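Colleague: According to TrEMBL, the region 'Disordered' annotation covers 28-60. Among the features that TrEMBL reports, compositional bias 'Basic and acidic residues' is placed at 33-47. Positions annotated as compositional bias 'Acidic residues' by TrEMBL: 48-58. Look at TrEMBL and you will find 100-272 tagged as domain 'Yip1'. Sequence annotations record features per position, and here TrEMBL assigns transmembrane segment to 119-140, 160-184, 196-221, 227-249, 256-280.
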Amino acid sequence: SFLVTCLFAEFDDAAHLLAANPDATTISIDEPAEAHKTQHSRRQEPGREEDDELLGTDDSDKTELLAGQKKSAPFWTFEYYQTFFDVDTYQVLDRIKGSVFPVPGRNFVRLYVRSNPDLYGPFWICATLVFAIAVSGNLSNFFIHLGRPTYHYVPEFRKVSIAATTIYAYAWLVPLALWGFLMWRNSKVMNIVSYSFLEIVCVYGYSLFVYIPTAILWIIPQKVVRWVLMIFSLCLSGSVLVMTFWPAVRDDNRRIALATVGTIVLLHALLSVGCLAYFFDAPEVDFPAPIIPAQNGTTLITKVK
């Protein structure tokens, strides 16, 4: 009876509080259970968790977006650009591994870039690739003509500037065009996932890493070996781009989505084929034939191949 009396006393106190403040809100103990049910049912929706993992649209991104809303330094200050290079060695190595060993069905931006996109890795990868292509191209030309009596090796320094213009233009202008296209399609189709310009540059920069060892191996004076290496590198780096940008356009019109991915692969293939054809498979230069005087007063011209 004492317990019943205590319960009635609590109900009395609650009634007095409600009478004193009619606008007070009440909390039902059933609400957490209902919320749990709703959350459980959302987790059970087929394909939802997989899409969130692939596209990066789960709750973890909300935290990243809120973190990105922090006030940043003005763009004319050194601190503004310093944030783009704020990355440690382990992150760079991890992203390089992800670009060299792509996992089917895994998004490169989601796994490696979105937490902290950087320009440090892409900048130095492009710089290293420029010198690897230029130096390897000169060495390849030297080994091809090695042993010819009329050949004199002359370094072609212009290859450095041509390689730098080509690589950096591709690593910046193509991501800029792709970013603008994704922003435009995002305004047309609400379900399209859009990447930031920095994330796209980061993906393109790291995808070029596999061409550094490939350019060194292109010194081998065998065309078949060079083209096999080129196709292998193209498949690796191209798969990184396809697995990254296909989830961003797959909800768009089917023809537009396929055309977008096809254009990305085509431009990537043109870069690979162009570098191999210009720097390594350039046509051989005809050297002037030596003039050998004959004993009867005439001259003989021998053709050197």
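Positions of Cβ are set from backbone N, Cα and C atoms, glycine also.
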Colleague: Which stretch from 160-184, 227-249, 256-280 shares the most C-beta pairs under 8 Å with the transmembrane segment (196-221)?
Modeller: 227-249
Colleague: Under 8 Å between C-beta atoms and at least six residues away from its ends: which parts of the chain pack against the transmembrane segment (256-280)?
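Modeller: Distant Cβ neighbours of the transmembrane segment (256-280) are 133-134, 136-137, 140, 159, 162-163, 166, 170, 174, 178, 181, 185, 207, 211, 215, 218, 226-227, 230, 233-234, 237-238, 241-242, 245-246, 249-250.
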Colleague: If you average pLDDT over the domain 'Yip1' (100-272), what do you get?
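Modeller: The predicted confidence over the domain 'Yip1' (100-272), as a mean pLDDT, is 89.
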